[in-house]
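Novice: Sharing a structure with you now.
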């Protein structure tokens, strides 16, 4: 199986505090990899390394190696804007731009110069909304504000916005934590459909969600990677006692 992204001996420091302690983890292509663990364990910090979002935090320092298709994404010649188009992100709370539904999706392809005509832009917007399972619900109201949508629809709009720039990887940081069970189920179905075209890494507090949507799971605890493996194996016969204790609810 092809490895799309790889972290090798990744350490993250916030000032003098070491938040991640030498994480080595492979992200397989066209699979969903779930990062689980109790609050404050480092899973979101590690996720943000994959598209250099930690660069925006004052005092943050990253050591080790992170590669995308074998290329070090922290090399000085890397264009971070281009990297974040290749490695998109969906955040915990739905965060549509204060623009129309259409413009939320059109914004990325337009600023990245991915379309040559208005017709092509319309095609990209429609395709992205369809992939996000949202087009039929909004096709007659594309001019309305993205913020007018329900929470679940807003999160699917954010997913459409991410995929409109043709990323290779989509990072999701607890994308369902602010959603009700019905909206969560829609997002989970969408994640499963999207992995045909994208590599997905999802941070989740929900063990049930990790079991439903992922093929691989990595367990974090106190800034360390405890274990990683196929999700089914991890949830039925984990190697580490800390993993067993976490997935059975003994701590977390």
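Backbone N, Cα and C atoms are what each Cβ position is placed from, and that goes for glycine too.
Features from Swiss-Prot:
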BINDING   37, 38, 39, 40, 41, 42, 43, 44  ATP binding site
DOMAIN    5-247  domain 'ABC transporter'
Novice: By the count of other Cβ atoms within 10 Å, pick out the sparsest of the binding-site residues 39, 41, 42, 43, 44.
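Specialist: With the binding-site residues 39, 41, 42, 43, 44, fewest surrounding Cβ atoms within 10 Å: 39.
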Novice: May I ask you to report the DSSP-based helix, strand or coil state of residue 43 (ATP binding site)?
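Specialist: Looking at the DSSP assignment, residue 43 (ATP binding site) belongs to a helix.
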Novice: Excluding 37, 38, 39, 40, 41, 42, 43, 44 themselves, which residues in that chain have a Cβ inside 8 Å of the centre of the Cβ atoms defining the ATP site?
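Specialist: Sorted by sequence, the hits are 45, 220, 221.
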Novice: Mind checking which of 37, 40 has the fewest other CB atoms within 10 A of its CB? They're the binding-site residues.
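Specialist: Least crowded of the binding-site residues 37, 40, by Cβ count within 10 Å, is 40.
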